[in-house]
Amino acid sequence: MGTLRADEIGNINRERIQQYNREVKLLNMGTVLQVGDDIARIYGLDEVMAGELIEFEEGTIGIALNLELDNVCVVLMSDDLMIKEGNSVKATGKIAQVPECLNGEFVRVGPNPSFLLLLDTIGLMEMGMLKQEEYFGGAKFMKIGDLKGLFGLFMVQMQLLREKLKVLDISYGTGTGNTALIYHHRKLMALSEADKPYVIKVLEDGDLQTLGMLDYDKRLTHSFTAHPKVDPFTDEMFTFGYSHEKPYITYRVITREGVMLDPVPITVLEPIMMHDFAITENYAIFMDLPLYFRPKEMVKGKLIFTFDPTKKARFGVLPRYAKDDLQIRWFELPNCFIFHNANSWEEGDEVVLITCRLENPDLDMVNGAEKSKLENFTNQLYEMRFNMKTGAATQKQLSAPAVDFPRINENYTGRKQRYVYGTILDSIAKVKGIVKFDLHAEPEAGKRELEIGGNVQGLIDLGPGRFGSEAVFVPCQPGTTFEEDDGYLILFAHDENTGKSEVNVIDAKTMCPEPVAVVELPRRVPYGFHAFFVNEEQLRQQQAEA
């Protein structure tokens with residue numbers, strides 16, 4: 001773990017470098033004393049500034065870092081093959097600097113790539129710290145599990161038996177934390193829906209340290225969703241857990257002071273998988289979708305959850321501070337499954353849910369069992385409306401397939417917003433690009449593929465053999481008084497042709513296919529699940545708390 005070389009830093013703030021005007025006459029000159037390992041030592045450059053862009057005779061650009069009298073260290077933005085000792089260089093007067101809003105830690109979590117089963121394996125966290133001209137990167141493992149087939153059935157039954165006999169105390173968690181991340185009450189947490197949160201501390205050099213499981217003073221006695229919601233206006237966190245035993249769903253509220261309130265059981269008829277939910281200013285939305293916990297299916301080599309295509313999809317809208325579920329309103333829509341919601345808000349008498357809807361959620365497909373059928377495993381962006389006055393429910397398709405991992409400017413969580421950023425999936429569920437939707441525009445009818453036009457405002461194709469991760473939106477400014485799409489998208493990308501991985505920073509407003517910055521990484525980043533950006537203020541808060 002440490003500061004990377006120039007070839008590992010990549011084209012920091014490439015956009016600003018490209019805008020640099022080479023015709024400007026510059027007087028601050030220097031001479032190359034030594035070059036190697038993509039670093040040049042320069043004599044001269046008496047008035048150079050730290051972080052200033054330096055131009056070499058061959059057109060190569062570098063960044064001045066260590067400043068000593070007549071010995072300036074310049075990190076090169078490309079290889080050093082054309083640079084020779086004695087060559088002239090000139091200072092540009094331009095500073096290469098990561099935008100202030102991107103000072104922080106970009107973290108992505110996922111399963112152990114050694115296991116085909118993605119839902120219950122070791123947590124691998126890949127992190128990168130962006131700060132001015134520096135980038136730090138690395139990876140950390142967590143714990144392992146493997147639940148599939150006859151061995152998986154045996155392990156499930158043994159765990160259930162051990163729980164009933166009180167031999168196994170699951171109040172200490174099961175140790176995965178491989179799905180998503182959240183920041184609340186000065187804590188960064190790694191999450192998995194079958195487990196409890198694990199608190200992760202970001203160290204000053206960008207490294208990560210696992211501090212341990214969080215049980216909220218032993219008030220958390222059940223699992224904790226991988227997708228809790230933090231209300232940006234109240235700083236409260238809303239969460240739930242699901243179980244194979246009653247109550248099948250348990251809803252919780254965590255105050256801005258980090259206190260978990262009493263549990264609210266949610267009544268559903270069978271144990272289900274509920275991967276996500278949503279909040280508005282006044283409600284929490286639960287999804288009773290027909291993906292059922294049926295361990296007997298595992299003897300057939302299948303996963304523990306089975307989809308029933310004969311059942312309706314149900315959505316429950318509950319006042320978000322309710323003490324029980326007596327006030328919940330249930331709405332029915334055609335059969336489907338949902339992994340991820342984008343956002344939800346209130347509009348007159350209606351509660352609006354923007355989500356990625358899936359008609360064929362056969363989980364065995366995404367775990368390698370039937371990859372030839374993955375073309376049917378396609379999500380589409382949908383708008384669903386639940387009328388609290390009439391009890392009516394409607395839905396409208398907003399996109400062609402295949403879109404998932406929707407993200408928004410989270411300053412608008414639970415409130416009406418305009419833009420949604422999603423990942424574009426190929427036929428085997430790899431992320432091949434990023435799409436930007438404008439919810440104020442109508443979708444173009446009859447589209448079978450995602451194309452610019454209608455409500456599709458931007459498309460970025462990562463290129464042949466290049467695949468990415470969930471793109472996280474980082475706003476330039478806090479709050480909702482600025483333009484909603486004024487910010488950046490950050491994602492990991494991997495080139496299967498070259499074996500190289502990198503972090504891409506994209507202008508979310510323009511959706512220009514040329515990244516604002518590209519940070520090459522020293523190792524491959526395995527494909528994973530969700531990512532999270534911890535800003536500089538959050539880093540200071542969590543370190544003070546620790």
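Positions of Cβ are set from backbone N, Cα and C atoms, glycine also.
Curation plays no part in TrEMBL annotations; they are all automatic predictions.
Features of the protein shown, as given by TrEMBL:
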type    : residues               : note
DOMAIN  : 29-93                  : domain 'ATPase F1/V1/A1 complex alpha/beta subunit N-terminal'
BINDING : H227, H275, H340, H530 : Fe cation binding site
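Taking the features listed in TrEMBL, we show where each one sits on the structure.
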residue : record                 : CB count, 10 Å
H227    : Fe cation binding site : 20
H275    : Fe cation binding site : 22
H340    : Fe cation binding site : 21
H530    : Fe cation binding site : 22
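Other than H227, H275, H340, H530, the residues of this chain whose Cβ falls within 8 Å of the Cβ centroid of the Fe cation site are, in sequence order, T179, A180, A226, D276, F339, N341, F405, F529. Mapped onto DSSP classes, the domain 'ATPase F1/V1/A1 complex alpha/beta subunit N-terminal' (29-93) shows 0 helix, 39 strand, 26 coil. The average pLDDT for the domain 'ATPase F1/V1/A1 complex alpha/beta subunit N-terminal' (29-93) in the predicted structure is 82. Taken residue by residue with DSSP, H340 (Fe cation binding site) is part of a strand.
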